[in-house]
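Look at TrEMBL and you will find B:1-100 tagged as domain 'HPt'. Here TrEMBL flags B:HIS44 as phosphohistidine. Annotation comment: TrEMBL describes B:129-172 as region 'Disordered'. Residues or ranges marked as domain 'Histidine kinase' by TrEMBL: B:174-424. The annotation domain 'CheW-like' is assigned in TrEMBL to B:426-563, B:586-714. Under the heading domain 'Response regulatory', TrEMBL lists B:730-846. Annotation source TrEMBL lists 4-aspartylphosphate at B:ASP780.
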Amino acid sequence: MSVAPTSTREPGGERVAVTDYVTVFVDGQLFGLPIASVQDVFMRGQMTPVPGAPPEILGLINLRGRVLTALSLRRLLGLADPLAQGAMVVGVEHGGESFGLLVDRVGEVLSLPVSDRRANPGNLDPAWARFARGIYWLPEGLLVVLDIDAALGLGGAPAEPDGAI
Amino acid sequence: MDDILREFVTETSESIENVDRELVRLEQEPNNEQVLRHIFRLVHTIKGTCGFLGLSRLETLAHAAEDLMSRFREGAPVTSEAVTVILATIDRVKLILKGLEEAEREPEGSDEALVEALERLARGAAAGPPVIAVESPPAAAPEPPDPTARERPEPARAPPARRTDPVSRLPVTPGVQSVRVGLDALEGLMTMVSELVLTRNQLIDISRRSELTEFNAPLQRLSTVTAELQARVMKTRMQPISTAWQKLPRLARDLSAELGKDIELVMSGAETELDRQVLELIKDPLTHLIRNAADHGIETPLERMRVGKPGRGVIRVSAAHESGTISIEIADDGRGLDIPRIAALAVERELATAAEVETMSEAQIARFIFAPGFSTVREVSHVSGRGVGMDVVRTNIELIGGSVDVSWTPGAGSVFTLKIPLTLAILAALIIETGGQRFAIPQVVVVELVQPRNSSEHRLATINGQAVLLLRDMTLPVLRLSRLLGLPGEDRPVDDSFIVIMRVGKRSFGVIVDAVFHTEEIVVKPMSALLKGLTFFSGNTILGDGRVILILDPNGVAAAAGDAPAAAGRESGEADAALGPLRQERTAFLVFRAGDGEPRAVPLASVTRLEEFDASRIETLGGRRVVQYRGDLLPLVGLGPDGAVPASGVQPVLVFSERGRIAGLAVDEVVDIIEDHLDVRPVGQSPGVVGTAVIHGRATEIVDVAHYLPLACPDWFEPNEQSRASGARRVLLLESTPFFRGLLGPVLKAAGYDVVAMADGQEALELLESDRRFDALVLDVEAPGVGGFEIAEALLGDRRAPLPIIGLATRPSRETLDRAQRLGLFEFVAKFDREGLLAALADGLQAREAAA
């Protein structure tokens, strides 16, 4: 996954490398998805369940003629799964396929300086650590940077160390 | 890479494949001038182009080969040795081409020995009629290339006769214009067209539900154009199967030499076209089957002579189109399958126990050759590999939705039959529902649809919790699809369901589903890599209404149905015979296309005539479309959502007439008249559709003529003068299925009867107890619970004046007819036979009055 700076800005004439994140909320936690990997954000519509699929795969969605495989970010993160399995879908591409990540809510896009990103805290749940690529301390709380490739690599087959399928 | 060079490599690689094939032909028919000329031309072209590009190794080789070839053209005998050397040269050329492709220059190496052999042969072959001596030209002096320099005089060493030969002119083929297009460009085009087809389907669906009619005409055009575009793009992907066959003659020849056998390869149907994606996927299985036939099938010449066969064995490869699939046969005239040995090996490899093998039929034992890790050759030969072959063949063929089967005659040979889909991209599928979810089943595997209530034709029972269906005299394993997929609906009564009988290879089985809808051409989208592990689904698609549905993988479902070859111990031949009754009681259907291009049908008996009218002759009268026809006005109605009749071209029309009235149904195209068994299954609430029947292996919508004709002729079902005069007789109609009730009720009313239509036999019986004012009964004997027979039985004991009873069945069997006779039914009519019903009813009433 690329968390490389997407742009630079110059507060006070000083050049600072920043990354743009689409922020999403899952179970009250703020996550950041690098904007380069996000293709669409849309309301959850009709979904076709796939019998026998792993629990984190909720089904298939038709997005303008493309078929997206929908995954529950809640289930990927091992969170409680109330009836509302996410109202919004973030469309991402991985390995030439389209996926939809179901989240509770989509927030604004944040430009965060690369230098502000901190390493995962040591006590982060291993289930989360696999997808987390560091954190940001924001005034409103912690933002966890989500590695989409790692998250999708874990959807079906057992996880491989590099998170690839 | 340099464009010219790349072009050269591509082109030469293609023509070299041709040389391979042609050479083997030449060896078999050394006197075939045409073949010889063809090969010579190919070699000549390669030589010319190499010289032009300064590829000296290639040029020297081609040149030496050409010289030898020209000796043949002058009449020298074509020896097996010469062909071997030329083939070796071709192999070398391929090697150099590969090097060229990778490194953009000729790889290092010496071809001296080969060139020498070629020259030696050319000299040897030159003995006989005196010819001009051949000198090897210096490699550095390239020949003028063809065709760019063809006006220039040929080098002096060439025999003068060659200059006037058509060969030198041939590279410029006049009239054929083509452009090389990359495969990915075609693939991209196909993807876009697939999306267009889906969008078109969605639009048609929306327009069906919408009140607006102004979209209909442009939508109709869009639909036609899309269909045409789809067909044409598909066509660009089609290639003759011979492209997958090119290597086979060479293979057979090499195998002959390697195995010390004399093998002739005969190919037919090479022009049969199929999708190139499919072609790629069948190359390896084909190669393997040829190897297998040469290695295991064909005997050595000595063995063959001993049993009185000609020393030369023949492998026949043939291909043909067969209703939406390609059938490829690889037949050899060898020894056939050694069943006792296969059985012994199956036991040895622990694929089955001795006791199991004992009870198996030969066809079942034969299928062990497709089992993983099975090989009948004790010593592993390097020709057919290590016994991994046949199961890989089967797996690969099944992966693309095909099947492979074997039949044999001991001592006379075996035949492997591959059934391959024409294309992988678009597929006709039957849409079904189970556990509240819809799925698509590929049409090719659907044999028939059955309603699981017990009738004279089929019985459903369970053995130790496993459902089995007795269909005619075949026992089939039956699965509940909802259970298989872990969906809700376990406690749903089976009586309301349908059983889809599927056939994968020679295995038949039934799948219980909740509802059956229509057939749709679907664009197959692959499953996500995250879901590849699911064996029950082969892909997904977007339906016309925009919802995503999963495509069931028949192979996965078949595996779950038990891997027993053929159904319940029957050999394939017998299984066919058991499915035979399907074909014995046939009904002729008129199959046509209208609206969205899906096949539809009406029973041929209901159609009075087929006509074609020029659209300019169709007039509008009082808002209705009519055409003057045999001194009358024929009102027309279309099958589209609005009943519109197209305004241009020649319009095919199905003409119907009943009781002196006529009306026409305008269709897009009359496809065929097909005889098949009449087995109509209801679909959901679809106006205008009676149900779905499998006609010629395709689920086809049976159009409800009764829905459309009143649109053309509003008083179609009004009682006419004649019938009204006859006085209203009171008829009880018991028909359990809503669509036949809806179909027959109006017919009877139109004929002037006072009809009481009922769905439930018990209620009908109760009504009959209390209400005596009926003149005749029309009873569905297939109704669940209390059906026509039960009512007839109950009425037998009744002392009242007997009522004429007309029995109704979709397809009366002999037992049904016997029972009808025993119970004194007046007559028996097929549910579709409306005229027959009216006639029977009239006769019955007449007989009753005569008796009274």
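Glycine is no exception: its Cβ is also placed from the backbone N, Cα and C atoms.
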Pairwise CA distance, B:HIS44 (phosphohistidine) versus the residue listed as '4-aspartylphosphate', rounded so that it is a whole Å: 77
Cβ neighbour count within 10 Å of B:HIS44 (phosphohistidine): 24
Reported mean pLDDT - the domain 'HPt' (B:1-100): 77
DSSP helix/strand/coil residue counts for the domain 'HPt' (B:1-100): 86 helix, 0 strand, 14 coil
Same chain, 6+ residues apart, C-beta under 8 Å of the C-beta of B:ASP780 (4-aspartylphosphate), given in sequence order: B:LEU734, B:GLU735, B:SER736, B:THR737, B:PHE740, B:GLY787, B:GLY788, B:LEU808, B:ALA809, B:LYS831
